[in-house]
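First the structure, in the form of structure tokens, and then the observations on it.
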Amino acid sequence: MKVVKTFTFDSSHLLDGHDGKCKNLHGHTYKLEVEVSGSLHMDGPKEGMVIDFSDLKAVVKEQVVDKMDHAFLYNRLNERECAIANLLEGWNLKTYPLEQRTTAEVMSRHIFQLLQEKGLPVTRVRLWETPNSYSEYDEYDG
Ligand SMILES: Nc1nc2c(c(=O)[nH]1)N=C([C@H](O)[C@H](O)COP(=O)(O)OP(=O)(O)OP(=O)(O)O)CN2
Ligand SMILES: [Zn+2]
């Protein structure tokens, strides 16, 4: 059985070195879909559920949404993106580092791994960067 819960968050970023408009600072309203798989609880307060939607929401909110919403997402290994992040942090503004370029692909995998590390039985993460473009990362075979 699978359940999916959807979230949104707003972030800014740029893709330094991109050969198009995305080299410029810009923002997205990201739409995040998190899929969790498992068998149903057979009894107790969670009977008939793979996971309580409320519990799923709490983990994703704490681990992803609260950290990335209204933050500048940047590549920790890119000098120019770090310079912007340092400036913002000096003004006590919110930033969020990734280990690679902040593409939808890198972010969907990063979010998957964050949630997996917190013990969530996540099987798929789909991250919409625009209403027309998404990246998906899944691990169905463990
Ligand atoms: N494979 C990827 N390609 C691009 C990514 C990405 O994460 N993965 N990201 C960007 C930029 O961040 C850009 O913001 C999105 O570009 P684009 O789709 O061209 O933007 P639009 O606003 O024109 O999108 P529409 O959905 O067509 O409105 C670039 N490429
Ligand atoms: Zn973008």
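Note that Cβ sites are derived from N, Cα and C of the backbone, with glycine treated the same way.
What TrEMBL records for the Zn(2+) site is HIS26, HIS28, and among HIS13, HIS41, HIS70 the residue it adds there is HIS13. The closest partner of HIS28 (Zn(2+) binding site) among the active-site residues, by CA position, is GLU129; the full candidate set was CYS22, HIS70, GLU129. Taking HIS13, CYS22, HIS70 as the candidate recorded positions, the subset whose CB lies under 6 angstroms from any atom of ligand 1 consists of CYS22. Apart from HIS13, HIS26, HIS28, the Zn(2+) site neighbourhood in this chain, defined by C-beta within 8 angstroms of the site C-beta centre, holds SER11, SER12, LEU14, CYS22, LEU25, GLY27, LEU73, THR102, GLU129. Sequence-distant contacts of HIS26 (Zn(2+) binding site), defined as residues of its own chain at least six apart whose C-beta falls under 8 angstroms from its C-beta, comprise SER12, HIS13, LEU14.
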